[in-house]
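The active site, schiff-base intermediate with DNA feature in Swiss-Prot is assigned to P2. Look at Swiss-Prot and you will find E3, K58, R283 tagged as active site, proton donor. Feature annotation from Swiss-Prot assigns DNA binding site to H104, R123, R166; the stated evidence is sequence analysis. Residues annotated as zinc finger in Swiss-Prot, with sequence analysis given as evidence: 257-293.
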Amino acid sequence: MPELPEVETVRRGLLPVLQGAVIESAEARRPDLRWPLPEGFAERLTGRRVEAVGRRAKYLLADLDGGEVLIVHLGMSGSIRIEGAQVKGRPAGFYHPRGEPGTHDHVVFHLAGGATVTFNDPRRFGAMLLVPYDQLDSHPLLSSLGPEPLGNTFHADYLAQACAGRRTNLKAALLDQKVVAGLGNIYVSEALHRAGLSPRRMASTLASASGAPNVRTERLVTAIRDVLREAIQAGGSSLKDHRQVNGELGYFQHNFKVYDREGEPCPTLRCKGHVQRIVQAGRSTFFCATCQR
């Protein structure tokens, strides 16, 4: 499933084409995604101008001039591509034509000026919803989300307070979207390795008895931020389905230190351990038991 860096990469690719554009028409070729498309979906989008393209956690948000917000979730295998766009400052071949419509092209937006934005989702776990702007923050998908890990409200003091007294392991705490929004299996494994913290460690050890942060908390916040920024810069991680809107792959997977590196020597300087794989809550976790404590 795309995590924060992959969704942010898509958002940045959409921004120069979609923001300010008018949707001349919309096609709903397959209305039964993870949830049925909203009633009158295509009609409600036709003629609308996209005022802003944002992101919250793993959700894309397109603010429309009619007072609604289009929420897009890529699901397990969803991707968005742009065709027919000319973007200032981009090489002419940046947005690649794809020819005939794909079997799994479920929603297509035709923009004024000739560009198209297509949502492709082979497994149909993705979703598109229309929500009134003034109800966005209270929507069930968004209302309980924790802070953005790259935002100003995510810091050591917050994380220590969020983890104080929690009777769960550190990995489970970081995957809890109520604690911090947008993290998933890949980037939690990578951040914990950078911070030198075991995924088995109790989350409560990030806080002192008074709930104050400690050196482990500071290291972890820094590691999370650094890993996410580097992954976004690399266009995300393409393991199976993720592609940027121009069809190109992300390449952060080439920079993984532990994720999907089972049996390989730990890359930490002077560490003689090897990367292990364990299963936590049904998900694979990769870490080095020698240097992650």
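Every residue, even glycine, has its Cβ placed from backbone N, Cα and C.
Positions of Swiss-Prot features highlighted on the structure.
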| residue | record | DSSP class |
| --- | --- | --- |
| P2 | active site, schiff-base intermediate with DNA | coil |
| K58 | active site, proton donor | coil |
| H104 | DNA binding site | coil |
| R123 | DNA binding site | coil |
| R166 | DNA binding site | coil |
| R283 | active site, proton donor | strand |
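Among the active-site residues listed (P2, E3, K58, R283), P2 has its Cα nearest to the Cα of R123 (DNA binding site). The maximum pairwise C-alpha distance among H104, R123, R166, the residues recorded as binding DNA, is 42 Å. Using CA atoms as reference points, the recorded positions K58, H104, R166, R283 were checked against P2 (active site, schiff-base intermediate with DNA), and the closest is K58. Closest in space to E3 (active site, proton donor), of the recorded positions given as K58, H104, R166, R283, is K58, taking the CA atom of each residue.
Less than 8 angstroms from the CB of R166 (DNA binding site) sit A173, M202, A203, S204, each of them six or more residues away in the same chain.
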